[in-house]
Amino acid sequence: MTIFEGSFTNASTLKVGIVVARFNDLITNKILSGCLDCLKRHGLDTSETSKELDIVWVPGSFELPIAAKTLLKKTNYDVVIALGAVIRGETSHYDVVISEASKGISQVSYENNVPIIFGVLTTDSMQQALERAGIKNNLGWNYALQAIEMGSLIKNLN
């Protein structure tokens with residue numbers, strides 16, 4: 001029996017794309033910061049001259065799938081991280097954005113055989129979003145760990 005697992009020790013061999021929603025940028029900037037910190041601590045070059053990392057900004061979480069799809073046509077990425085923050089309001093817009101963003105990201109991942117980490121916070125309030133993007137608990141770090149694991153796993157399987 002062969003057991004395959006992803007590695008958390010070295011991200012330096014990965015080509016990573018990050019697509020970030022600008023809407024609720026108070027939150028998404030913090031998540032991105034946590035994500036980049038994790039990638040850097042695991043060996044990925046996150047400098048402005050990095051050849052292993054590309055970051056794309058889009059207006060909102062609804063646009064994440066099309067940007068991820070276009071990014072994957074540009075270069076052979078090992079993994080893409082989609083970051084956003086959708087905070088429930090008084091209308092059903094929240095439900096539509098989350099539903100379409102999650103379906104679209106999954107579809108792009110399956111069509112391109114590249115893992116896309118769903119790093120879109122879905123919260124009922126700004127306070128909840130801030131708690132998930134804060135110093136003590138920044139989910140951006142977790143999303144980056146998932147990316148390292150899945151990127152290395154798929155590379156090993158191929």
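Heads up, the Cβ atoms here are built off N, Cα and C, so glycines get one too.
If you check Swiss-Prot, you get these features:
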ACT_SITE  H93  active site, proton donor
BINDING   F23, S61, F62, E63, A85, V86, I87, F118  5-amino-6-(D-ribitylamino)uracil binding site
BINDING   E90, T91, R132  (2S)-2-hydroxy-3-oxobutyl phosphate binding site
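Everything Swiss-Prot records as a feature, shown here on the structure.
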| residue | record | DSSP class |
| --- | --- | --- |
| F23 | 5-amino-6-(D-ribitylamino)uracil binding site | coil |
| S61 | 5-amino-6-(D-ribitylamino)uracil binding site | helix |
| V86 | 5-amino-6-(D-ribitylamino)uracil binding site | strand |
| T91 | (2S)-2-hydroxy-3-oxobutyl phosphate binding site | coil |
| F118 | 5-amino-6-(D-ribitylamino)uracil binding site | strand |
| R132 | (2S)-2-hydroxy-3-oxobutyl phosphate binding site | helix |
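The local packing around T91 ((2S)-2-hydroxy-3-oxobutyl phosphate binding site), expressed as other Cβ atoms within 10 Å of its Cβ over all shown chains, amounts to 8.
Pairwise Cα distances among E90, T91, R132, which the record gives as the binders of (2S)-2-hydroxy-3-oxobutyl phosphate, peak at 23 Å. Across the binding-site residues listed here (A85, I87), the residue whose Cβ sits among the most other Cβ atoms within 10 Å is A85. Nearest in space to F62 (5-amino-6-(D-ribitylamino)uracil binding site), taking C-alpha to C-alpha distance over the recorded positions E90, T91, H93, R132, is H93. Cα of V86 (5-amino-6-(D-ribitylamino)uracil binding site) to Cα of R132 ((2S)-2-hydroxy-3-oxobutyl phosphate binding site): a span of 12 Å. When every Cα pair among F23, S61, F62, E63, A85, V86, I87, F118 is compared, the largest distance found for this 5-amino-6-(D-ribitylamino)uracil site is 16 Å.
The number of other CB atoms found within 10 A of the CB of E90 ((2S)-2-hydroxy-3-oxobutyl phosphate binding site), across every protein chain shown, is 6. Take the Cα of H93 (active site, proton donor) and measure to each of the binding-site residues S61, E63, F118: the nearest one is S61.
Taking a C-beta cut-off of under 8 angstroms and a sequence separation of 6 or more, F23 (5-amino-6-(D-ribitylamino)uracil binding site) has the following same-chain neighbours: P59, G60, S61, G84, A85. Around the Cβ of R132 ((2S)-2-hydroxy-3-oxobutyl phosphate binding site), the same chain contributes L121, T123, N138, L139, each under 8 angstroms and 6 or more positions distant in sequence. Residue pair F118 (5-amino-6-(D-ribitylamino)uracil binding site) / E90 ((2S)-2-hydroxy-3-oxobutyl phosphate binding site) shows a Cα separation of 24 Å.
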